[in-house]
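Report on the structure given below.
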Amino acid sequence: QMSNSSSVTHFLLLAFADTRELQLLHFWLFLGIYLAALLSNSLIIIVIACDHHLHTPTYFFLLNLSLLDVGSISTTVPKSIANSLWDNRAIPYTGCVAQVFLFVLFIVAEFSLLTVMAYDHYVAICKPLHYGTLLGSRACVHMAAAAWGSGFLTALLNMANTFSLPLCQGNAVDQFFCEIPQILKLSCSKSYLRDFAVLVVTLCLGLGCFLFIVFSSVQIFRAVLRIPSGQGRHKAFSTCLPHLAVVSLFVSTGMFACLKPPSISSPSLDLVVTVLYSVVPPAVNPLIYSMRNQEFKESI
């Protein structure tokens, strides 16, 4: 069994289309999305870094979010774009390992950071008098470091588990990047218990973050409904509702990708779900969190 695994030198990624015209359409579409995500997130990073008026906890977390978005979309999309352009499906074994590690790192760190941002919103609206003490510069750095650290450890755990399994079901991955559920399908190992344990640890982290975000959002809405001014209420809702929408999209599509039963699995459904949690958030986060923000617009 192990000899089969060690003989895999590369994986074959999912080709988006059979015809050249559709391959080129995919190339231009993904290139457009990638450049838009790259430019908008880079703009946010530069503006926040350069304008000292924006050196506040909220913008510090936004800067980290943009760094993570650039990282996650750069891990998956450029390889897919290149494969469509050159009509090639191969990715080296080491490239696949790197994709799994980096993608999990950025996605888990981003979700942890969205949880930290929910806490930032909660303190700003529910405990405004304690904002300076609860979210001092040291606390902010610790929270951001915890988000990156949780991503790193989860990535290490998932990578070690995924690539320690012997592979005997070929080397064709039914996805446009090396996605863990698709690689586990190629395994001939029956170590379901270990896979399940790693999945449970990852999902518990995700569920814990999600429940915290929902809880803090409920507290915020309760506080907001007591605000007499319509403008203050609108500002609070316009901050929290998009945040909740992003998190819900993230959680629902991510959990569906990991937990869906094989009976409802189809290549096109898998593809749509994966694009929703891996490509859409980095492209739309800048619009949701920064470009609608008056303070940020003035800085630009």
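Using the three backbone atoms N, Cα and C, a Cβ is placed for every residue, glycine included.
Per TrEMBL, domain 'G-protein coupled receptors family 1 profile' is recorded for 40-289.
Within the chain, the transmembrane segment (27-47) has long-range Cβ neighbours (under 8 A, six or more residues past its boundaries) at 54, 62-63, 66-67, 69-70, 73-74, 77-78, 80-81, 84-85, 279, 282-283, 285-287, 290-291, 296, 299-300. Sequence annotations record features per position, and here TrEMBL assigns transmembrane segment to 27-47 (among others).
Here the transmembrane segment (97-119) has long-range neighbours at 58, 61-62, 64-65, 68-69, 71-72, 75-76, 79, 91, 143-144, 146-148, 150-152, 154-156, 158-159, 162-163, 177-180, 183, 202, 205-206, 209, 212-213, 216-217, 243, 246-247, 250, 254, 277-278, 281, meaning same-chain residues at least 6 beyond its ends whose C-beta is under 8 angstroms from one of its own. Look at TrEMBL and you will find 97-119 (among others) tagged as transmembrane segment.
Distant neighbours of the transmembrane segment (139-157): 57, 60-61, 64, 100-110, 112-113, 115-116, 119, 198, 201-202, 205; these residues of the same chain sit at least 6 beyond its ends, with a Cβ under 8 Å from one of its Cβ atoms. Annotated transmembrane segment per TrEMBL: 139-157 (among others), in sequence order.
Annotated transmembrane segment per TrEMBL: 196-215 (among others), in sequence order. Residues 108, 111-112, 114-115, 118-119, 150, 154, 157-158, 161, 243-244, 247, 251, 254-255, 258-259 of the same chain lie 6+ residues outside the transmembrane segment (196-215) yet bring a C-beta within less than 8 angstroms of a C-beta in it.
Sequence annotations record features per position, and here TrEMBL assigns transmembrane segment to 236-257 (among others).
The transmembrane segment annotation in TrEMBL covers 269-289 (among others). Distant neighbours of the transmembrane segment (269-289): 14, 30, 33, 36-37, 40-41, 43-44, 62, 65-66, 69-70, 72-73, 76-77, 103, 107, 110, 174-177, 179, 182, 242-243, 245-246, 249-250, 253-254, 256-257, 260; these residues of the same chain sit at least 6 beyond its ends, with a Cβ under 8 Å from one of its Cβ atoms.
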